[in-house]
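*Asks:* Dropping the structure in here first, questions after.
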Amino acid sequence: DIVLTQSPASLAVSLGQRATISCRASZSVNWYGNSFMZWYZZKPGZPPKLLIYRASNLZSGIPARFSGSGSRTBFTLTIBPVZABDVATYFCZZSBZAPWTFGSGTKLEIKR
């Protein structure tokens, strides 16, 4: 199985600043020119929400403050600028090789 190493485990960012979350795969998740990496946002009591698919594509309805980048094994989720509503846990997920696997999550908090 592909192992995803996500960092940092937690992150405190001031409102209006940039949050950067990294995800490294144990092997390439590229296939036919696509990077099969997704990013999700999860809030307590709510199902995970897809933010980014295939590494850099913004899901419909997701604000452009969210962006994804990377290829092969190294990927980044950026939130810029961070808003109060972004407090959540963020997960990367690979959809290249079954069983699909998730990173361990990054908890985003607002720095006061």
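Backbone N, Cα and C define each Cβ position, glycine as well.
What Swiss-Prot lists as disulfide bond is Cys23-Cys92. Under the heading region 'Framework-1', Swiss-Prot lists 1-23. Sequence annotations record features per position, and here Swiss-Prot assigns region 'Complementarity-determining-1' to 24-38. Per Swiss-Prot, region 'Framework-2' is recorded for 39-53. For 54-60, the entry in Swiss-Prot reads region 'Complementarity-determining-2'. The feature region 'Framework-3' is assigned by Swiss-Prot to 61-92. The region 'Complementarity-determining-3' feature in Swiss-Prot is assigned to 93-101. According to Swiss-Prot, the feature region 'Framework-4' maps to 102-111.
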*Asks:* What same-chain residues lie close to the region 'Framework-2' (39-53): Cβ under 8 Å, and 6 or more beyond its ends?
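*Replies:* Counting only partners 6 or more residues beyond its ends, the region 'Framework-2' (39-53) has Cβ contacts under 8 Å with 21, 23, 59, 62, 66-68, 77, 86-93, 105.
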*Asks:* Of the listed stretches 54-60, 61-92, 93-101, 102-111, which one has the most C-beta pairs under 8 A with the region 'Complementarity-determining-1' (24-38)?
*Replies:* 61-92
*Asks:* Name, in the order they occur in the sequence, the residues of the same chain whose CB lies under 8 A from the CB of Cys92 (disulfide bond) and which sit 6 or more residues away.
*Replies:* Leu4, Gln6, Ile21, Cys23, Met37, Unk38, Trp39, Tyr40, Phe75, Leu77, Phe102, Gly103
*Asks:* Please count the residues of the region 'Framework-3' (61-92) that DSSP assigns to helix (H, G, I), strand (E, B) and coil.
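*Replies:* Its residues divide into 3 helix, 17 strand, 12 coil.
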*Asks:* Per DSSP, how many helix, strand and coil residues does the region 'Complementarity-determining-2' (54-60) have?
*Replies:* 0 helix, 2 strand, 5 coil
*Asks:* For the region 'Framework-1' (1-23), give me same-chain residues lying six or more residues beyond its boundaries with a C-beta closer than 8 angstroms to one of its C-beta atoms, as numbers and ranges.
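*Replies:* Beyond its ends, the region 'Framework-1' (1-23) has Cβ neighbours at 29, 37, 39, 70, 74-84, 86, 90-94, 96-97, 99, 101-111.
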*Asks:* Residues sitting near the region 'Complementarity-determining-2' (54-60): Cβ under 8 Å, six or more positions beyond its termini, same chain?
*Replies:* 34-38, 66-71, 75
*Asks:* Would you mind pulling the DSSP three-state label for Cys23 (disulfide bond)?
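*Replies:* Where Cys23 (disulfide bond) sits, the three-state DSSP reduction gives strand.
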*Asks:* Among all the protein chains here, how many other CB atoms are within 10 A of the CB of Cys23 (disulfide bond)?
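*Replies:* So the number of other Cβ atoms within 10 Å of Cys23 (disulfide bond) is 29.
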